[in-house]
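Everything on this sheet refers to the single structure shown next.
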Amino acid sequence: IYLLDINDNAPRVFPQEAEVCERPEPNAINITAVDGDLNPNAGPYAFELPNRPSDIRRNWTLTRISGDHAQLSLKISYLESGIYELPISITDSGNLPMSNTTYLRIKVCQCDHHGDCVDMERIMAAGLGTGAIIAILICIIILL
């Protein structure tokens, strides 16, 4: 018995969420194409960023590493912190290839010198809380 696989699954991006620093160094995002089909209806895959909106190709670069993997990195020297939904088009190698655009959710953040995201809002909130506690303690000491 031979089971034949038809190309009935479109490829998608994995992971679906990632973090990257505001500045392009020292990190990039490695992505993998995932497809429910078997060979020859799976990889190698073609990875592509869309032409529209124009800021996508202006801000990001997508480099194919292997048939199943690509690397996404910032092309510009600085991108403001925030959450970005980046469309990535992936096409499989099946007979009548299937293509899919998957949105990769990227958190762009400030990073420490190791390249790890630092949640500055949380640090600032903690700093304000500490300052408020110190001010209250000073007021109590003055009242005594």
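Residue numbers in this text run from 1 along the chain shown.
For all residues, glycine too, the Cβ spot is worked out from N, Cα and C.
According to TrEMBL, the feature domain 'Cadherin' maps to 12-123. Remark: secondary structure over the domain 'Cadherin' (12-123) totals 10 helix, 51 strand, 51 coil, with classes taken from DSSP.
Residues or ranges marked as transmembrane segment by TrEMBL: 123-143.
This prediction places the mean pLDDT of the domain 'Cadherin' (12-123) at 87.
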